[in-house]
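J.: The structure's right below; bear with me while I get my questions together.
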Amino acid sequence: MRFITAGESHGRELTGIIEGVPAGLPLSVLDINEELARRQKGYGRGGRMLIEKDQVTITSGVRHGYTLGSPITLVIENKDWKNWQSVMGVEAVSGHDQKRRVSKPRPGHADLVGGIKYGHRDLRNVLERSSARETTMRVAIGAIAKKILSELAIVVAGHVMEIGGITSQVPDQLTAEEIAKLSEKSSVRVVDPSCEEKMKALIDETKKKGDTVGGVVEVVVDNVPIGLGSYTHWDQKLDGKIAQSLLSINAFKGVEFGIGFQAGTLYGSQVMDEIIWSQATGYSRKTNHLGGFEGGMTNGMPIVVRGVMKPIPTLYKPLQSVDIDTKEVYQASVERSDSCAVPAACVIAEAVVATEIAQGILAKFDSDQFDQLKKQVSQYREYTKEF
Ligand SMILES: Cc1cc2nc3c(=O)[nH]c(=O)nc-3n(C[C@H](O)[C@H](O)[C@H](O)COP(=O)(O)O)c2cc1C
Ligand SMILES: C=C(O[C@@H]1CC(C(=O)O)=C[C@@H](OP(=O)(O)O)[C@H]1O)C(=O)O
């Protein structure tokens, strides 16, 4: 399965084309819209989320509620485009450069480097595509991946771990029941509800100061077959692919699996997960410090992966920048902006992790027909138990 996304933040619409989804997967726009709505709900978003009502239109690859095996095309309208038509028009317009032109790059955003790289003297040409609006389509594609996973009883649950230093207290290992319960919550997920109000208060306080905050999200995936990904080639290691996908989410600066960076401070005897076997469940581990991966392959334990998001770069109290026309010192441009997007990023993180796992499954099993794939996965699960 591979995909491409296209679209500018204030352009007419976002487009996604996905190739390689097996034929016969039940799929409805509701599956996708539910995830799109979750991404829009997070606390701390700016005015744009009040304008957008993200809903997908499927224009190819699905018929009467089932995938056809042909490329699936998804389209999501940017409602804000109406207000930006004259700025974002495709046709040449005289005086175009002056319409919402950006010449004062924001530190921490793609503006300056993108402008230098592509020769755009209007930095809007950069920010329109570097905007996290693009992640809308990745969530839509992730919803299809999640559908594949849920048909195989694989559960994906993301939750907000930390915002601006306020940390949700999470047990060392979530049980299968806890992961399933978390995955059912339709809105933003926090394991420790006692910190939710504190997080919201911090976001409000930060916004009042004209500043922004980041945080940490965790994605847990349960009931993953053993052996997705491969140790045989560097670019087939599934933990590596998941890390790349998470780091590709706008503003993500780091990724860790299981106990992550803490592993560097401990002895081997404290880190490795001892192997056990039982008739009922097959191979398992006493602990899950390594977050479900050995040798770039899933080992059957829940995948536990975290990503850290830096604070949003656009500040209402802007930082120092330089005007690219005059080279004079200025305050950076203020675009309408979010003060915290960690809850939304959690939904995006779930989507990109689900997409990588679905790709791992489709690479390992016959993927033309979904029924056959489902049968193969179930036989393979029996095989791994008895091995
Ligand atoms: C859901 C989400 C919403 C975001 N909203 C904003 C925003 O309103 N303003 C802003 O400056 N950056 C926002 N960002 C972050 C920028 O898109 C990101 O910092 C920028 O593309 C530069 O990329 P980098 O931080 O990965 O280097 C958001 C990121 C995400 C994931
Ligand atoms: C549009 C989305 O997020 C946007 C991401 C973003 C950025 O710079 O990344 C800047 C803001 O855009 P605008 O200037 O239109 O308000 C956010 O609203 C979205 O998540 O759908």
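Cβ atoms are placed via backbone N, Cα and C, with glycine included.
What you see is a predicted model, and the numbers here were worked out from it, not measured in a lab.
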J.: According to TrEMBL, Arg129, Ser130, Ser131, Asn250, Ala251, Gly295, Lys310, Pro311, Ile312, Pro313, Thr314 bind FMN; which of Arg100, Arg101, Arg336 is also listed for that site?
T.: Arg336
J.: Near ligand 2, which of the binding-site residues Arg39, Arg45, Ser131, Ala251, Ile312 are found, taking a Cβ distance under 6 A to any of its atoms?
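T.: Only Ser131 qualify.
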J.: Around Ser131 (FMN binding site), how many other C-beta atoms are within 10 angstroms of its C-beta?
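T.: Excluding its own Cβ, Ser131 (FMN binding site) sees 18 Cβ atoms within 10 Å.
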J.: What count of other C-beta atoms do you get within 10 angstroms of the C-beta of Arg129 (FMN binding site), across all chains shown?
T.: 16
J.: Can you tell me how far the Cα of Arg39 (NADP(+) binding site) sits from the Cα of Lys310 (FMN binding site), in Å?
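T.: With the alpha carbons as reference points, the distance is 18 Å.
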